[in-house]
Amino acid sequence: MLFFNFYKHIMFLPWVFCVALLTLNVCAVSYIAYDMSNAQELFNEFVVKYNKVYKDDQEKEARFEIFKQNLADINARNALEDSAMFEINSRADISSNELLQKLTGLKLSLMRGEKKNSFCTPTVISGDSSGKVPDSFDWRDRNSVTSVKMQKECGSCWAFSAVANIESLYHIKHNVSLDLSEQQLVDCDKVNNGCNGGLMSWAFEGIIRAGGISYEAPYPYTGVDGVCKNTTRYVQLSGCYAYDLRSEKKLRQVLHEKGPVSVAIDVVDLTNYKSGVAKHCSVDHGLNHGVLLVGYGQENDVKYWTLKNSWGSDWGEQGFFRIKRDVNSCGILNQFAASAILSSSS
């Protein structure tokens, strides 16, 4: 049996000193760094661990070069972050451009021109929260967040975010967990573009126009564009909210009172995320990924959001990730967030 231990190629380095008013206190905080001189061995282990197959030696060499770039990026992020960890994962041999093409799928261009949402109510989320909101809250604690799924190499994040939102709202209303079909949205939604991208608000519109959405079992996910199938649509929507997020304080209240929210972010800085609260997540690549906001809290004086991704449970914190709150991490404040409204019969 082969055992893979990337950590044997890691150096543990001192990170930061903490200074009190009159006393010097040294904080034992460390970060990890991969030994770049062992990049080839790390790559060989990576290829075997993740069953990577390349068409020829030329492609393998090109992937190794990308792997080294990602390795350097992981080291840089671990040196920068004192509350999160980044490490080699199954995506360590793809570039940022490939990530955007294959593993995201938010398509902002669908909101341009004359297209307008007919069923989603435009709602501005601004100002401070009104009423009492708990300091921390997570819908997973109420079992109202369904299992993490895998979108594969298909730009269908919009479908996964929208479906996850509906599944959560259904559980909140009925205390019943459902597994709904993302593939039906990929195949049948005529406004969004299947594996070539879409928006969560348009997904809700498509479900309303079609009369509902099917279960996963009769319409399983394939990760490729297919022909729309005529299956029974079990869950119906009566409307949706198209959120313009301007206040993270108010967003906290919306999340707590109404349920998980489909949000748009720039995910590139989190490609190799493993755990913890990422403090440094830019929007340099533009909004490109749809995920589900499920909770918030505070750890070691760092306020954070908790979000559900669609890259499988082996990524991040069992498929979830945390980013710093109240600093517009990953560009979370934008006008592309959305949430469904279940019909009275659903």
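Every residue, even glycine, has its Cβ placed from backbone N, Cα and C.
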Cross-link partner of Cys281 (disulfide, per Swiss-Prot) out of Cys228, Cys330: Cys330
With reference to Swiss-Prot, specify which of the listed residues Cys157, Cys188, Cys195 is paired with Cys228 by a disulfide. Cys188
In whole Å, note down how far the CA of Cys188 (disulfide bond) lies from the CA of Asn230 (N-linked glycosylation site). 9
Intrachain C-beta neighbours of Cys157 (active site), sequence separation six or more, cut-off 8 angstroms: Leu103, Thr104, Gly105, Leu106, Gln151, His289, Gly290, Val291, Ser310
Taking Cα-Cα distance, which of the recorded positions Cys154, Asn175, Cys188, Cys195, Cys228, Asn309 are within 10 Å of Cys330 (disulfide bond)? none
Between Cys154 (disulfide bond) and Cys228 (disulfide bond), what is the CA-CA distance rounded to a whole number of Å? 17
Neighbouring C-beta atoms (10 Å sphere around the C-beta of Asn230 (N-linked glycosylation site)): 7
